[in-house]
Amino acid sequence: METTTKKARSLYIPYAGPVLLEFPLLNKGSAFSVEERRNFNLSGLLPEVVESIEEQAERAWLQYQGFKTEIDKHIYLRNIQDTNETLFYRLVQNHLEEMMPVIYTPTVGAACERFSEIYRRARGVFISYPNRHNMDDILQNVPNHNIKVIVVTDGERILGLGDQGIGGMGIPIGKLSLYTACGGISPAYTLPVVLDVGTNNQQLLNDPLYMGWRHPRITDNEYYAFVDEFIQAVKQRWPDILLQFEDFAQKNAMPLLTRYRDEICSFNDDIQGTAAVTVGTLIAASRAAGSQLSEQKIVFLGAGSAGCGIAEQIIAQTQREGLSEDAARQNVFMVDRFGLLTDRMPNLLPFQAKLVQKCDNLQHWDTENDVLSLLDVVRNVKPDILIGVSGQTGLFTEEIIREMHKHCPRPIVMPLSNPTSRVEATPQDIIAWTEGNALVATGSPFSPVIWKDKVYPIAQCNNAYIFPGIGLGVIASGASRITDEMLMSASETLAKHSPLVNNGEGLVLPALKDIQVVSRAIAFAVGKMAQQQGVAVKTSAEALQQAIDDNFWKPEYRDYRRTSI
């Protein structure tokens, strides 16, 4: 739908002088007009020339290019974000493909590990366990009253890097940057939060620079009571919030999601977002091959909350395509460090127990091993799709990939572990081991592979294709919950934007330069499904689209008018 461009209304603000220059959401730096400089007591506090935001962005781009390491580029961009958010997002949107890996994965992993070392300025909310009884007061200290999206972590499972304590704050900050850059959600509506419940990372506890609570992690009832205090305080302060759980440990991620998804509008991106983008990718890949996902055999390496979340969404999709639940589950094989999940395996977590294979169905397998390894599974299942969410590097060996290719002419291989140092196999190796026949999608960004003089672009199965659009759709529709069907609609919409499906060539996922188009489409699909599911007020399609347009923030300066506090 075409939209008309109209001039943004002036902002009436009470701040002036150095205070205004220190306010990242409002600071324009050298772009304050002559009149604004006079009205807001800025005369003489800025260089003479009044610049446009594009001139500022060009200077920032030149400065950015002067940094040689990715972590230095990350620090530089974070400094701009903490100084002038509008400029930060204009710069990032101008160079999204270059900068997304710098503001988020994989560089954000190093930033989390070095959080206390590279700390410059506070952003977001830090809630430590010793302050648990001051939760309401802490949230009242947040200056932005109209918060609509919170990303919260406890720092225990940061990417594939494990316990980073309050260093995990880098993840909510980076994630919310993508909500804005990709999904058009105003930075004024976003809030990163870290729940500081201690750390079991001895290196951090021994680090004199570590800025978090120096205490072993609280667990069990103490932990869940603390999280519940936080949830109740958030509901009191912002009843209509969208809350995203991020990088919680496996033992807590699924229980927290199960407990709160029907109490507050919430989702877990590691479980549901990863599942949605993976299923969208697989739907597109299957259609490009002239088949359906329900016709594929799928093997997972990694049976944690993320892997099982993906598996359950695949099962739901294949049921939509016509399989019975039992048949759908028989097509999915989960392998963890103890081997294939079977109905005779002890000590399975509840979400794993639904994904076991029955040992009676495996008696004909060609193996003498009691523990069924990934190679055993690949050799006997002859899968079409291999997905890695193990967080361990190098586990997709040459023998395993060649064995898969022996029975599958066009294997789909998805090493999704983050960051790049934890990937199960590199695209270069997978392409070589399959004689150039594999369709590869990764969790972290990789450069195109050149093999035998042919270029193979590598799709990044990035959650940023999904969660910004979900957030925009929830805000625009006023959805009170995020349902499984809303996530399915996001996957289906992503698949519809596949260049490989639509053009018969190219990447299985859209180019990052088109991610705002994809986010808008996902927002509409999610909002429409929310209305159909009864978790949002029904409106016309035109009204929903208008709400999406109205809520889509652009990094442009607005005129300021002076008002009193």
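Note that the numbers count up from 1, one per residue, in the order the chain is shown.
Here the Cβ of each residue, glycine as well, is placed from N, Cα and C on the backbone.
According to Swiss-Prot, the residue from D207, D220, D228, D270 that belongs to the divalent metal cation site alongside E246, D247 is D270. Proximity to D270 (NAD(+) binding site), defined by a C-alpha to C-alpha distance within 10 angstroms, is shown by the following recorded positions from Y104, K175, E246, D247: E246, D247. Of all the recorded positions given, namely Y104, K175, D247, those whose Cα is no farther than the 10 Å limit from the Cα of R157 (NAD(+) binding site) are D247.
Within 8 Å of the centroid of the Cβ atoms of R157, D270, N418, where the record puts NAD(+), the same chain has further Cβ atoms from I158, L159, G160, D247, A306, G391.
In this structure the C-alpha atoms belonging to Y104 (active site, proton donor) and K175 (active site, proton acceptor) are separated by 7 Å. For E246 (divalent metal cation binding site), applying a Cβ distance below 8 Å and a minimum sequence separation of six or more within one chain yields V151, V152, T153, I171, P172, K175, N268, D269, D270. Each residue contributes its Cα atom, and for N418 (NAD(+) binding site) and D247 (divalent metal cation binding site) these two points are 12 Å apart.
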